[in-house]
Amino acid sequence: MEEIFVNLLKEYGYVILYFWSILEGESGIIITSIISTTTDQLNIFLIVFVAALGGFTGDQIYFLITRYNKKIVHKKLYRQRRKFALAHILLRKYGWLIIFCQRFLYGLRIVMPMAIGLTSYKYKTYVIINFISSLVWATIIATLTSIFKDHIMNIFNVLKINWPITLVVILIILYAVLYYFRHKTKRKPRFQNLMNKLHLKEKNELNN
């Protein structure tokens, strides 16, 4: 199974990487970068460009879905309102810098472009910053993978052998991330005030 997957990446690597990067990203860059450094099948520069383009496309999809479907998003993602409020706080505090860093914000990677889509932030500005951010992100991941490929391969081998422990660790990390964001946004006056303002603003926009 593993050999079939690797062969598919060698044959259709760029196409798979593009769609992989729309949904997630890092693991696709890491695997294709390792293939690039150990074989002549894939070009590392094309890997960076394709991964950046895929990540950029994903962010644009989330942004545009939210901007032009605010009513649907408001209903469907009401339970995620705490994360949206936190994203708005970060956007107000750091401006364009938080957009540039959004791909490195685990737990907010999808929420951030959607939250920005709910605001009146200029789309052209967002596109430029987001594309540069995607290029930097893909370059960093691919470069680090090329430098530390031997260590990464050793880690993969250990994880493959000890997959039950790996699964437990992943679940613990996911729980820790969720707990952090819930704790970060719980019973904070500033957060609650912003949530109330956002909720009122969304209701007004939906009624117009």
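Note: Cβ is positioned from N, Cα and C throughout, glycine not excepted.
Copied from TrEMBL, the annotated features are:
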type     : residues : note
DOMAIN   : 41-145   : domain 'VTT'
TRANSMEM : 12-35    : transmembrane segment
TRANSMEM : 42-65    : transmembrane segment
TRANSMEM : 85-106   : transmembrane segment
TRANSMEM : 127-149  : transmembrane segment
TRANSMEM : 161-181  : transmembrane segment
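Listed stretches 12-35, 42-65, 127-149 were compared with the transmembrane segment (85-106); the greatest number of C-beta pairs under 8 angstroms is found for 127-149. Under 8 Å from some Cβ of the transmembrane segment (127-149) lie the Cβ atoms of residues 21, 25-26, 29-30, 33-34, 36-38, 44, 47-49, 51-53, 55-56, 59-60, 96, 99-104, 113, all in the same chain and six or more residues away from its ends.
With a threshold of 8 Å between CB atoms, the same-chain residues lying at least 6 positions outside the transmembrane segment (12-35) that come near it are 6, 41-42, 44, 46-48, 50-55, 57-58, 61, 103, 137-138, 141-142, 145-146, 149, 152-153.
Taken through DSSP, the domain 'VTT' (41-145) splits into 87 helix, 0 strand, 18 coil.
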